[in-house]
Amino acid sequence: MALVDRLVESTGLEDCSTQDIYRELIRRFDEDPTRDGLLRTPERMEKTIAFLTKGYHEDPTAILRGAMFDVDYDEMVIVKDIEMFSLCEHHMLPFFGKVHVAYIPNGKVIGLSKIPRLVEVFARRLQVQERLTRQIADAIHDAIAPQGVGVVIEARHLCMMMRGVEKQNSSTVTSAMVGVFQKQNTRAEFLSLVRERMQASV
């Protein structure tokens with residue numbers, strides 16, 4: 001986004017459309033934005049960025065409140081292998097991977113499909129993996145006040161794979177533990193179940 005801001009300042013494009021800014025960016029690459037292969041690229045870029053950042057216009061609280069149910073159940077609920085794609089806020093390059101979410105109810109549960117939806121809302125923003133992990137955990141905790149929440153994300157970052165250190169096989173694992181998941185036995189149970197999946201995927 002900083003590059004786009006600099007383009008706006010240096011070219012006087014304050015009143016221009018997003019597509020105009022992308023068109024100017026293409027020119028800065030010494031490319032011709034009017035040639036066939038690039039003619040509609042600014043339009044596609046605008047739509048793509050709008051899709052990848054649509055989470056800014058969605059309310060995670062409303063998503064969860066629409067599917068909360070009273071239950072008599074106090075064992076761990078786990079939704080694993082939620083596919084996730086997001087944009088690194090530092091380089092605007094994708095990072096992608098799997099999200100594993102667990103919680104222990106305290107009288108209420110969330111409709112299972114809403115947990116992947118929650119992940120998507122936060123992932124469709126400019127992110128860092130650490131914050132994304134915490135936001136998912138905090139949203140569930142705030143919505144249903146469970147005994148605890150655990151979130152683990154394992155992801156690959158194109159900003160490390162395509163540029164910089166260029167380590168194609170590197171991955172990053174982050175976790176957020178709230179409530180009883182901060183206790184060793186609960187954390188260990190959750191992580192052991194997640195680890196089974198991680199080992200199976202190697």
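From the backbone N, Cα and C atoms, a Cβ is placed for every residue, glycine too.
Annotation for C88 (Zn(2+) binding site): same-chain Cβ neighbours under 8 Å, separated by at least 6 residues, are P94, F95, L126, Q127, V128, H157, L158, C159. Residues annotated as Zn(2+) binding site in TrEMBL: C88, H91, C159.
If you look up TrEMBL, you'll see 21-194 marked as domain 'GTP cyclohydrolase I'.
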Going by C-beta under 8 A and a gap of 6 or more residues, the same-chain neighbours of H91 (Zn(2+) binding site) are C159, R163
Near Zn(2+): residues not in C88, H91, C159 with Cβ within 8 Å of the site Cβ centroid are L87, E89, H90, M92, L93, F95, H157, L158, M160, R163
Structural state of C159 (Zn(2+) binding site), classified by DSSP into three states: helix
Measure from the Cβ of C159 (Zn(2+) binding site) and count the other Cβ atoms within 10 Å, all protein chains considered. 16
